[in-house]
Amino acid sequence: MAEEEGPTVELRQRKKPKSSENKESAKEEKINDTPIPERAPKYVLFQRFAKILIGCLAALTSGMMYALYLSAYHERKFWFSNKQELEREITFQGDSAIYYSYYKDMLKAPSFERGVYELTHNNKTVSLKTINAVQQMSLYPELITSVLYHATGSNESMEPVYFYISIVFGLQGIYVIALFATSWLMSGTWLAGMLTVAWFIINRVDTTRIEYSIPLRENWALPYFACQVAALTGYLKSNLNANVQRFCYVLINVSTYAFMMMWEYSHYLLFLQAISLFLLDIFSLEQNDKVYEVYKIYIFSLFVGYLLQFENPALLVSPLLSLVAALMIAKCLQLNVKKGTFVAKMMKVIHFYLVCTLTVTLNIIMKMFVPHKENGHMLKFLEVKFGLNMTKNFTMNWLLCQESLQAPSQDFFLRLTQSSLLPFYILVLVICFLSMMQVIFRRINDKSLKETVTLEDGRIGERPEIIYHVIHTILLGSLAMVMEGLKYIWIPYVCVLAAFGVCSPELWMTLFKWLRLRTVHPILLALILSMAVPTIIGLSLWKEFFPRLMTELTELQEFYDPDTVELMTWIKRQAPVAAVFAGSPQLMGVIKLCTGWTVTSLPLYNDDDLLKRNENIYQIYSKRSAEDIYKILTSYKANYLIVEDAICNEVGTMRGCRVKDLLDIANGHVVCEEGDKLTHSKYGRFCHEVKINYSPYVNYFTRVYWNRSYFVYKINTVISFQS
């Protein structure tokens, strides 16, 4: 009878299932109550579709607006469209000029194959030196851009320089979209993406160098790295759809390889990422399979990069390869021990020690058997930087004086605080880090983690993608505290983490769990704060910084450097085509771009020979004899010497960092123990003495051109020697 009455009772009670005490009836009710499940999925699907559509539109709009903003700001800053080609090219300074000059060379080449050959066997840039410019300067961006310029038919409608900078600005738009997507994936709301973009643009002095030097390798590479991080964030998420996971995996592959090809230092950044994943794995915060799949991507990218970068030995001796190889070996040696036992915990410690030891050992072995010279000066620089060694070497001291290699200034922290980025970043970082520590201690105490973490649990530290970002930003931030130049890699992900945190109800719920909040319903308050706090931040940023951004676009500026324009014009008109010019590396880069003439040195710091050349040529600003300078210049077959007043009469803001001061230290013309007093020298400073036109200087050098900033001297032949 009970079985017969069951359906009758069920029909009467279906509108009030909670009042039924029969659990089986409640289950049957869910099956038979068909109208509600049919409507709910449609509503949920529509809600999800609307959310994704709005988020994608917001991301695309943010990227496009940022790219257009950069283009407009660049036009206003340089008055670019109203300049002649020579004046436009002068805006590319230092190493940026070198990169753009090779883009011009590719466009002038009769064919793509011929252009690549001339770049890989280049003997027209630096005197007495044949270089593989594609490998040494990572010129794949210029190769690809030159192909696109012809393939898209832009050569008929757009000037080469506009196409080039438009590509870079477009990549910056993709950069912003990737950061938007990363924060969105972490928080679950596109509001976090909007806040990320706002902080990124407002703090762009510390997030990017695109305004100062467009062709820099990092401006080409970092957008690909941002795409890789976004894909990795999605890939690490738990309970991921199989198709989405497959898409993320493919995107990680493509973006990792592209990033490695665009920047010579990319493998160092991937090394830090690999350390983050290793720490994520060592505490069993993520499935081993996912992490090791990423390791395989690293190996594949290194292998393909090694082949396409003309067997670049720097990739074989990179710490990334050693670490990944050590991780693979350690995995093969790993024993299957029951989780939670004392032996299993000891194996974790042994595993960590084994990986660290193997990484160092393999790297040493690779450096013993693989001949390499690349970036050797970096190790010497780090030794001096951290006080492990002392040196009077000009190059090392000159690098130490560069602003990007100094520790961050107080202004840096003040700017981040004024935009409210730093306070919220510290808040989010502390909460996530402490929650992560809780997860680790649960693991140590053999407490299993929940497969699905709900909002009510308040355990943000159990989400692997969040912990990856916490570890990664801590590593990048530690390096940025040593060298300010690394802030351009770190701050974008500070924006991502801070925006994710204030927009995440889960983070607020984690905080409320610790505070044991009971006066107000914690879930409701977390949802309210995750909407209210970012809204308040956004409105305050809009009120304070939006007028400044608009003012920047309305202010008309102009790049005005008539002395350099006159110098380049004189070289193109008066100097022989086969002439070789000597001078500061920064100026040589501009000469190579604007005139195409051969130079003695370049503003590149990844080659020991070029660094030595730079130091030797800089001797024109030291207290050396005319004969010494003449011998140095003729050893590089230089025909003309250019002396810059800005360096010769430099008044440095940092004590002891002027070029002439560093040369005096290297040459022993300064006694540091006696308060930096100059010692007696029978020679005056060459750059001053050569201007006076008296013997013996006139026997070696003949002034042929000068203006307010530059003095050009023809280096006489041996026949004109007179004592």
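Heads up, the Cβ atoms here are built off N, Cα and C, so glycines get one too.
For 1-33, the entry in TrEMBL reads region 'Disordered'.
Per TrEMBL, the feature compositional bias 'Basic and acidic residues' maps to 18-32.
Summarising the annotation, TrEMBL assigns transmembrane segment to 52-73 (among others). Through the fold, the transmembrane segment (52-73) approaches residues 165-166, 169-170, 172-177, 180-181, 184, 190, 193-194, 197, 201, 210-211, 549, 552-553 of its own chain, all at least 6 residues removed from its boundaries and within a Cβ separation under 8 Å.
Residues annotated as transmembrane segment in TrEMBL: 161-178 (among others). Sequence-distant contacts of the transmembrane segment (161-178) (same chain, six or more residues past either end, CB-CB distance under 8 Å): 59-60, 62-64, 66-67, 70-71, 74, 85, 88-89, 100, 103, 145, 148-149, 154, 197, 200-201, 208, 210, 214-215, 219-220, 222-223, 226-227, 229-230, 492.
If you look up TrEMBL, you'll see 184-202 (among others) marked as transmembrane segment. For the transmembrane segment (184-202), the residues of the chain that approach it from at least six positions outside its boundaries are 51, 54-55, 58-59, 62, 66, 69, 176, 230, 233-234, 237, 419, 421, 465-466, 469, 492, 495-496, 498-504, 530-531, 534-535, 537-538, 541-542, 545, 549, judged by C-beta separation under 8 angstroms.
For 247-263 (among others), the entry in TrEMBL reads transmembrane segment.
Annotation source TrEMBL lists transmembrane segment at 316-337 (among others).
Marked as transmembrane segment by TrEMBL: 349-370 (among others). Long-range contacts of the transmembrane segment (349-370) within its own chain (CB-CB distance under 8 A, at least 6 residues past either end) are made by residues 278, 282, 313, 316-317, 319, 321-323, 325-327, 329-330, 333-334.
TrEMBL lists 422-441 (among others) with the feature transmembrane segment.
Within its own chain, the transmembrane segment (466-483) is flanked in space by residues 186, 232-233, 236, 272-273, 275-277, 279-280, 285-286, 385, 404-408, 429, 432-433, 436, 439, 460, 489-491, 493-494, 496-497, 500, which lie at least six positions past its ends and keep a Cβ under 8 Å from the stretch. The feature transmembrane segment is assigned by TrEMBL to 466-483 (among others).
Per TrEMBL, transmembrane segment is recorded for 489-511 (among others).
According to TrEMBL, the transmembrane segment annotation covers 523-542 (among others). Listed by sequence, the residues of this chain that lie at least six past the ends of the transmembrane segment (523-542) yet keep a Cβ under 8 A from its Cβ atoms are 189, 191-192, 194-195, 198-199, 202, 419-420, 424, 455-456, 499, 502-509, 512, 517.
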Could you give the residue numbers and ranges of same-chain residues that sit at least 6 residues beyond the transmembrane segment (247-263) on either side and whose C-beta is under 8 angstroms from one of its C-beta atoms? 138, 140-141, 217-218, 220-221, 224-225, 227-228, 230-232, 234-235, 240, 270, 293-294, 297-298, 300-302, 304-305, 308-309
May I ask for the residues of the chain that lie six or more residues beyond the transmembrane segment (316-337) and have a Cβ under 8 Å from a Cβ within it? 267-268, 270-271, 274-275, 278, 288, 292, 295, 298-299, 302, 306, 343-344, 347, 351, 354-360, 362-363, 366-367, 370, 372
